[in-house]
Amino acid sequence: SCDASQLCNCSSMGLEFIPPGLTAKITGLNLAHNRIKHIQSQDLQQAVNLKTLLLQSNEISSIDEDSFQSLEKLELLDLSNNSLAHLSPVWFGHLFSLQHLHLQGNSYRDLGQSSPFSRLRNLSSLHLGNPQFSVIRQGNFEGIEFLHKLWIDGSNLSQYEQGSLKSIKEINHMIINLRNSNIFSEIVRDLVHSVAWLEVAEIKLPVDRKSLVQNSTRPFRIQKLTFKEALFTDQSISPKIVSLKEITSLKELQAINCVLEGTGIWNTEEIEKSGQSFVETITITKLVIQKFHLFIDLGGMESQINKLKRLTITSSNVFMVPCNLARNFSSLLYLDFHDNLLVNKRLEETICERSWPSLQTLNLSQNSLKSLELTAKYISRLPKLNNLDISLNNFGEIPDECKWPEHLKYLNLSSTQIPEVTSCIPQTLEVLDVSGNNLKEFGLQLPSLKELYLTRNQLKTLPGAAPIPNLVSLSVRRNKLNSFSKEEFESFRRMELLDASDNNFICSCEFLSFVHHEAGLAQVLVGWPDRYVCDSPLAVRGAQVGAVHLSLMECHRSLVVSLICVLVFLVILLLVAVGYKYHVVWYLRMTWAWLQAKRKPKRAPPKDVCYDAFVSYSENDSEWVENTMVQELEQACPPFRLCLHKRDFVPGKWIVDNIIDSIEKSRKTLFVLSEHFVQSEWCKYELDFSHFRLFDENNDAAILILLEPIQSKAIPKRFCKLRKIMNTKTYLEWPASEQQQQVFWENLKGALKS
């Protein structure tokens, strides 16, 4: 159970004895919360380097006298909450290095006839006492000269021999539970020269008028006196105030969780006659005055408060301070009325004209103030005020203009339910806290502002830097901030601390790039990197912002999409170009037409043949076809019926279907070949759509007329069958001379009749 530094934790293991085998290597041993009943001589004999020994909350009732003899290096020994019925000086005789000794919570009734601690020259803190502890004798603390802290549970202490604590020359902080008020004065008299801070708990202050410094000579050392869970009455207050004035070194009084029975009817005449108080600081926390609404105005106490510098009364149902009393706090610099019952109507009386003339700091947080305008108006009566806390009041609204003290530097308006910030906020401020108000924006002109706290609001962006040019510290924790840019960050030229933690950051590429590359950002951001977490994208939700690195696709999505679109467009463009060059569209259409043609019978029934010939020609050759060939053939005897696309194609029908149907309904297909024909797209299609049926059947259904000389090489390569026919079969050439033309017509008519 030992770690690298040889601190061994054996607590809560149900041990009934100290485990054997402890060696000199061990420096710390925790045996707390076990069931050990007895410590024997040999148990710790080898642990000569032990510095910490924790034995609290066991059942130890006996310890051999030489059990700790070898522990000369021990610094902390905790034997609290056991069953020790007595303390032996021999136990601690060799603990020369011991600094902290805890003996409280046992069953001993006294410390013996002499001092158990006479050899503990280095002791710094001592805790002792228990509910059965009843006697402190002279000599019980002999040998102790200095203690940083002395804690005594003397809740049932009934006998205290005068001078018992005088042997300790210096005690920085002493805490004693003391219910027997009769021995309070004796203990204080013994401690006024040695204790700096005395804390007394559970006491009911006596009504006696015993002097607390009787036969004591100055200077006194006690500076602070604290009462915890004490009971005061109207009858005991006056004599105790008088007796405390005798301790001229006393500067601070505290009362925590105390009860005051009475209504403030004190013997103010007796108090005033006793002279001026030297106390400068009074702190009262959670004072219960059961009839606080009947408590009088403490008239007559004015002379006792004019030297007071700091006054704190919190959680004590204060609802007003009378104006006459307030005007006598002439030296008060600090006033704290946190968590009381002050309302605006009573605040006018509490802060009346010429009251609190020296006040610099005022805390009115968590009261029942409702009007910010009135609150500011009354507080403006404090000419030297520069620090004001009015947080946790339910103002609900904020006016456009307010009157404030001229030198106000610090203002806390957090959790006051104000819906916005207006020019009511004074421009003299150096520190402003408007946290917890659901603010959606902040744009005030505050040229002197150095610290701005906007925690727990609804801000989506950082406030603008131009209106607050001297800002050094900014807190926007727990807002709706998604990110902040390099420009926003650098606009705050004097920024030293920025707390933007606990926001729902969108870890965009721009934000991450700024965070990763901005030099010195980690030194400025409070809580970096643990409290800066991504909320989106979903893939990195919950990850620390500083640890997230997005891919190129995620960071430049639009660019990547644009590049893909460009590439797709280029590919399509390339395919179009290739298709155009290699006539891919033509091949596709031909394939479709061929598939349709294959489904039809190879020859139309004789009753469906309507034409002698389908004429395929170029539009540029239409004059010869229509004016020469058509007249010659259709006016012959007997006449030939020709199918021309201009005249005989069915309107509204797909042109490809028209071509195929016309070829199928014609006995022959007559091609008028020329340079124009070769260059004509539709002529190509007509020739292409027909050659599947005509040329595949190896018949003479195709008649070629060469209108002008044309080289077979000029025919596109995809018309391989046409090229082959022209190279292997005879075709008719249109002659130039009229004599030969007659022969041409005869040959053509013969071919059509065959």
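Cβ atoms are placed via backbone N, Cα and C, with glycine included.
Annotation source TrEMBL lists disulfide bond at C2-C8, C323-C352, C402-C424. Marked as transmembrane segment by TrEMBL: 559-580. Summarising the annotation, TrEMBL assigns domain 'TIR' to 609-752.
Structure with TrEMBL features highlighted.
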residue: C2; record: disulfide bond; contacts (Cβ under 8 Å, 6+ apart): C8, N9, I26
residue: C323; record: disulfide bond; contacts (Cβ under 8 Å, 6+ apart): E349, T350, C352, S355
residue: C402; record: disulfide bond; contacts (Cβ under 8 Å, 6+ apart): L372, E373, A376, K377, C424, I425, P426
Near the transmembrane segment (559-580) in space but 6 or more residues beyond its ends, with Cβ under 8 Å, are 552-553
Confidence over the domain 'TIR' (609-752), expressed as mean pLDDT on the 0 to 100 scale, is 78
C352 (disulfide bond) has its Cβ surrounded, within 10 angstroms, by a count of other Cβ atoms equal to 17
Here the 10 Å Cβ neighbour count for C424 (disulfide bond) comes out at 19
